[in-house]
Amino acid sequence: MEGGLMMALCLITILFTIFTLFKLFLQWKNQSSCYMLAYQCYKPTDPTRTLNTDSCVKIVLRNKNLGLEEYRFLLKTIVSSGIGEHTYAPKNVLEGHEENPTLSEAVAEMDDIIFDTLDKLFAKTLVSPSDIKILVVSVSLFSPSPCLTSRIVNRYKMREDIKAFNLSGMGCSASIVAIDLVNNLFKCYDNSYAIVVATESMGPNWYVGKEKQMVLSNCLFRSGGCSMLFTNKRELKHQAMLKLKCLVRSHLGANDEAYQCCIQVEDDRGYRGFRLTKNLPKAASKIFAMNLRVLVPKILPLRELLRYVIANSFVQKNKPPKGAAMGSGGGGLRQGPITGLNLKTGVDHFCIHPGGRAVIDSVGKSLGLNAYDLEPARMALHRFGNTSSAGFWYVFGYMEAKKRLKKGERLLMISFGAGFKCNNCAWEVMRDLEDENVWKDCIDSYPPQSLTNPFMEKYSWIYDESLNFIRNKDFNFIKDN
């Protein structure tokens, strides 16, 4: 009797185990994947859109609110920015309309970037616009009505049941937010195509005041954009460029300092712009550490995590007593919880948002990266500037054009955005990538021998001490004549 009961219990246990394993197998089989099939970055064909030294100075000199102190600040900033001579500016700014931008100019700027990249993306992939089931557009500083997704649906005559989303105010990390949205929607919609468009409206948001924390954005931000095609169709994985492995989003908006360190405001004279405060590095350091605590266990192999735990426990055991003198660090991203971890055991390539030279250098120092790792971000910043949420696709394009990306390798994208947000994601490279994309006409000249721009060479006279005795209104008279 007891033997029969034991056999029954064993049989039930075996059947339950088989049922559980079969259920897990079905979950694995039906698990949605997110593949990137193609992408297209924006590059104007009109040579007059280039923002070189001379055109940049013309724009600066048009601003009657600036004086000698502001000119010196701008010169120092642009010289150390890491931005070169071939970035692009909005048409209305180059034509002198930045102080009074019109709605039609703002719409035309978006149409140019969005339709140019989408036309080329559809032509490249041979995917029909009518096959797109999900559409996400991210533009932080411009939200017209009808929305930008509706303009795309109208132009390409897309399907009536398309799931369209228009994201605004998300800042430089917005394209990862959009990809996260697509990835979650793929769990509900099988065998689908999705489009993500990431760009920024620069023309209507060009700052024409004199506040230093707000004029910084004019030095860093440039015109750019990117359209990407994604799918969850498993049969297309061999055509895919990338497969999303994991994505982690962190938000520090509950902290007042972090919330206000990167914010769109009006200055004391009513000029609207984007203010970047001195608290930005502190906020970036804090949220980067928060994000890495979640991300690192997902991307590093178990052996590296175990090695770190053992080594860290030894360090803690031999840690100096509380109150002992400790060295203090400088600005930027301070060393976080990954100190002692070798990220290269789980990551082959680091795609850092080209927000500025200080951002790139600080992330590199925090993660222990070398010049080779940081080269793509530095070159993208030099060639295209900070193109907001499209930025790291120019970085990715550099890696591809340099034929760095091989099948099976792992890529980490790192981004920060207003709010204050840190959004990072890891990808697997699905095939060898070798397209020269928007870098085609210049990739052979990169990296250049020097990233120094000619601003200081041409305009160092602005530091002449004799100018200190000239009043702002007199200085404006001199420059006008």
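Backbone N, Cα and C define each Cβ position, glycine as well.
In TrEMBL this protein carries:
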- C172: active site (ACT_SITE)
- H251: active site (ACT_SITE)
- H349: active site (ACT_SITE)
- H353: active site (ACT_SITE)
- H382: active site (ACT_SITE)
- N386: active site (ACT_SITE)
- 30-317: domain 'FAE' (DOMAIN)
- 346-428: domain 'Beta-ketoacyl-[acyl-carrier-protein] synthase III C-terminal' (DOMAIN)
- 6-26: transmembrane segment (TRANSMEM)
- 164-186: transmembrane segment (TRANSMEM)
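Here the features listed in TrEMBL are painted onto the structure.
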| residue | record | contacts (Cβ under 8 Å, 6+ apart) |
| --- | --- | --- |
| C172 | active site | H353, G355, N386, S388, S389, G391, S415, F416, G417, A418 |
| H251 | active site | I287, G419, F420, K421 |
| H349 | active site | D373, P376, M399, R404, L405, E409, R410, L411, L412 |
| H382 | active site | G82, I83, G84, P448, L451 |
Out of H353, N386, which of the active-site residues has the smallest number of neighbouring Cβ atoms within 10 Å?
N386
With helix taken as DSSP H, G or I, strand as E or B and everything else coil, how many residues of the domain 'Beta-ketoacyl-[acyl-carrier-protein] synthase III C-terminal' (346-428) land in each class?
39 helix, 21 strand, 23 coil
Average the pLDDT scores across the domain 'FAE' (30-317) and report the rounded value.
92
